[in-house]
Structures are given as structure tokens and as C-alpha cells.
């Protein structure tokens, strides 16, 4: 993570701030892909998390991901947040589809 602009932003409640991974621009065979054929990037790295949302009994439910986790995002959704000319996306914890495990 080159910049630290996301440190100026703290998500509230069950929100998660992510930085999308870069799209593949070259195939394994060395062929350059045009932008239209690259597809939408659904992988991201978590850069900040909120404190959690309220459960049914009023207790705070912690967010299910932590900073540094690699996650799978839905194709649509999220709120674009621009910090120091860099694009980040804000999702609810429940909207994140999964977490990659090493």
C-alpha cells in the first residue's frame, strides 16, 4: 500500500474500507489486454474497519474481517471514497462475499 491516505478515514459501525486490487493487464503469455476485456476487479485488501454493528440484543457484533485481509467483493455496490486522489470503496461487513485464506 503505497499511500497512507486511508489512515485519515475511519469507517463507522459495520463498514469496511477496501482498496481494490489492480486488474490484470498482461496475460501469462505476455499479451496486453485492452481495458474493456479486463473485467471488473472483485478482489480487494481491507485497509480500515469500523467498530462493529449492533446485534439483535443490542450488543456490538465485531466486523468479520481485519485490516490486511484479502476479500471477495460483490460485482456491484459499495461507495466510492476518494482520499488523496486514490480510490477506495466502502462496504458493509455483510456485503463482503468472502475472505481469502493463505
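The chain as shown is numbered from 1 upward.
Keep in mind that glycine also has a Cβ here, set from the backbone N, Cα and C atoms.
Annotated N-acetylalanine per Swiss-Prot: 2, in sequence order. Feature annotation from Swiss-Prot assigns N6-acetyllysine to 8, 99 (among others). The annotation N6-succinyllysine is assigned in Swiss-Prot to 28, 40, 70, 80, 86 (among others). Among the features that Swiss-Prot reports, N6-malonyllysine is placed at 40, 54, 56. The annotation phosphothreonine is assigned in Swiss-Prot to 79 on the grounds of similarity to another entry.
Features recorded in Swiss-Prot, as mapped to the structure shown.
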residue : record            : CB count, 10 Å
8       : N6-acetyllysine   : 9
28      : N6-succinyllysine : 6
54      : N6-malonyllysine  : 11
56      : N6-malonyllysine  : 6
70      : N6-succinyllysine : 16
79      : phosphothreonine  : 11
80      : N6-succinyllysine : 8
86      : N6-succinyllysine : 13
99      : N6-acetyllysine   : 13
Per DSSP, three-state class assigned to residue 8 (N6-acetyllysine): helix
Residue from 56, 79, 80, 86, 99 whose C-alpha is spatially nearest that of residue 8 (N6-acetyllysine), among the modified residues: 86
Length of the line joining the Cα atoms of residue 79 (phosphothreonine) and residue 70 (N6-succinyllysine), in Å: 18
